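Encoded as structure tokens, the structure appears first; notes follow it.
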Amino acid sequence: MSTHEIEHLATCITAHAWNADRSRVAICPNNNEVHVYAKQGTSFVCEHILSEHDQVVTCIDWAPKTNRILTSSQDRNAYVWTFKDGQWKPVLVLLRINRAATHVKWSPQENKFAVATGAKLVCICFFEEEHDWWASNHIKKHKSTVLKVDWHPNNLLLATSSSDFKVRVFDAYIRKADGRSVTRPYGEVPFGEPIFEFNECSSWVHALKWSPSGNSLAYSSHDSVFCVADFSTNPPTVEKIKLRSLPLRDLLYITENSIVGVGYDCNPLLITNSGGWKFSDEMDKASTSGAAGAEATSARKLFQNKVDLGESSKSDTKLSTAHQNCISFIVPFKSVGGVVSDFSTSGLDGNVIIWHVKALEAKNKLKVL
Amino acid sequence: MADEDNVEVIAGGKSDAEYKSDIANRERECTKALNMGKPQDALPIALADPPIYTKTQAIKDQNATVVLSLLGGFKEKDIEASVNGLNDDQLDVLMKYIYRGLAAGENSAVFLKWHEVVLKKGGMGTIIRTISEKKTV
């Protein structure tokens, strides 16, 4: 069994999202459109083009239960798309922001969603029956652009990562959406007040994810620092590791104790926890030897050839990894009970790659815990 | 992205006077080690507690002079062994000073040698942290 399947769908992909049965994928080819591809046989065919946004679409999230697509864009808008009569119909969300929307995420129960923005705030959006639109409440308290948001599995806590170098955890309880009968984990916290603030990072915090159980929160920043906060204690205890590699842009828990990080190395990294989090291995090893540092050598070769032979761009600059540019997005492809057996990544090279964890483990002698 | 300059640097560290006396102490130790011909003993001492929280450029300069003169005093064969004895935090501080030394533009050959050895030990991460952190030396 091969370790991965590559689909080249565009020149550059900013985000991708799968539907519930993984027969369709929505991607943004780095412009104002969202393309929905359907799998037909072995290839993907473009089925719909959603073009309501005016500027680059920054993020896509496809709700599995309610089959709604959520998109955010630099044009300061977010749309909820529903499929009716063979067409995707957009509904505008009232975000009330004056900067780009950077990231979106449906809550696990899909009754609300969060939008991260460049206006130094997060919008928690919920449906207002009486007006038939999506309204939003603002969580401020950020000192710079919010880059990512992620929902705790309990549908109430929201973690945000920001370019003010901090990670914050909020209680995003909305009475109109959640009702009165829910138990809030940290009591009656006022809306918009951070419950916890983490400042281990000294650069933009690009990525964060809750573990499947919600007991830990992983985040990573542009100074190649990777942290995991353990919420079994109050206040949470944080483990920080400094990576050897280039910074990570996105994270995914494939089990409670194993995380895949993707980023500027173009190579998914495996980070595992056995009595302490540690960098385990690169997941995409070239079958030929000398994978490590291959990029550096090929770049060096390019300049060496220029100097020695006066050649320009004759040498091979193809990377030994499957992705040929920064990986910016990772989502689970197949998962059962929090254990991800396949995941997919997309990046600035326009590839969507589906990885098979078992095959990767066998081929590269990895240990997923 | 908006308002990067408003991002506050986390308060901490010491007062300028404390930094000054600490640096003077370190300078004495480093000179001693250099005179004994054992600069590798002084390296961890020189890299301890860099003045990243102060806003006074003179203090940063003072500490940089201590560290950079120490780095310059190494024999090339000793560099690798000394770097291998450092932990991750010390490597990051060392890389920051190497870049500072390279920026000054004097004695670059020796700093390039240091750069090569630290990169091998600490990976690209050390360079990324040198570039991206606001806690400058």
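From the backbone N, Cα and C atoms, a Cβ is placed for every residue, glycine too.
According to TrEMBL, the repeat 'WD' annotation covers A:50-87, A:139-171.
Broken down with DSSP, the repeat 'WD' (A:50-87) shows 0 helix, 22 strand, 16 coil.
The helix, strand and coil residue counts that DSSP assigns across the repeat 'WD' (A:139-171) are 0 helix, 18 strand, 15 coil.
Taking the repeat 'WD' (A:139-171) as a whole, pLDDT averages 94 in the prediction.
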